[in-house]
């Protein structure tokens, strides 16, 4: 896929994300009387950019349907957790080498990818821990199922690898993001001498 087509996909997603954000604000104002602060209103476009980034990293680039063939050994689903630790230890002679391997990096990047989601869910939408956990899991499950089903049947087979470790890592990232915001909020309130809510 050439860069111009990738840029076209990204811009299309970005415009769609901004439209969705605008609709969320309008519906929230009309339905629940939500009047966000200027800071929160500014955060919505940032959330849109983040959503586009996650989609681009996890689902793009899309392969050309006319040349894409099934049967690649790279796209088999991994339904078990722990394969990355196994490969990291198998392909390295030391624990340091295993920790610095691409397999460990993949796990850490999966966690990092969803930390902003958990932070947004707590700070922007004031959702509780359980909601952040469930939304984080649902989002990553949606991504993984999209990969597994070949973009919900658009391709004849998976075009990326379904990975149970991604489910775990992304969900943990959302939880860590939520916890980081909650800890920061409580810390600030304690410094200001205000009770925790």
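For all residues, glycine too, the Cβ spot is worked out from N, Cα and C.
Note that TrEMBL annotation is computational and uncurated.
Because the structure is a prediction, the values reported are computed rather than measured.
According to TrEMBL, the feature transmembrane segment maps to 6-30, 42-62, 103-125, 132-155, 167-184. Taken from TrEMBL, the feature domain 'VanZ-like' covers 48-181.
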So which of 42-62, 103-125, 167-184 has the most C-beta pairs under 8 Å when paired with the transmembrane segment (132-155)? 167-184
Residues sitting near the transmembrane segment (42-62): Cβ under 8 Å, six or more positions beyond its termini, same chain? 1, 5-6, 9-10, 13-14, 17-18, 20-21, 24-25, 36, 113-114, 116-117, 120, 123-124, 139, 143, 146-147, 151, 159-160
What does DSSP give as the helix, strand and coil breakdown of the domain 'VanZ-like' (48-181)? 92 helix, 2 strand, 40 coil
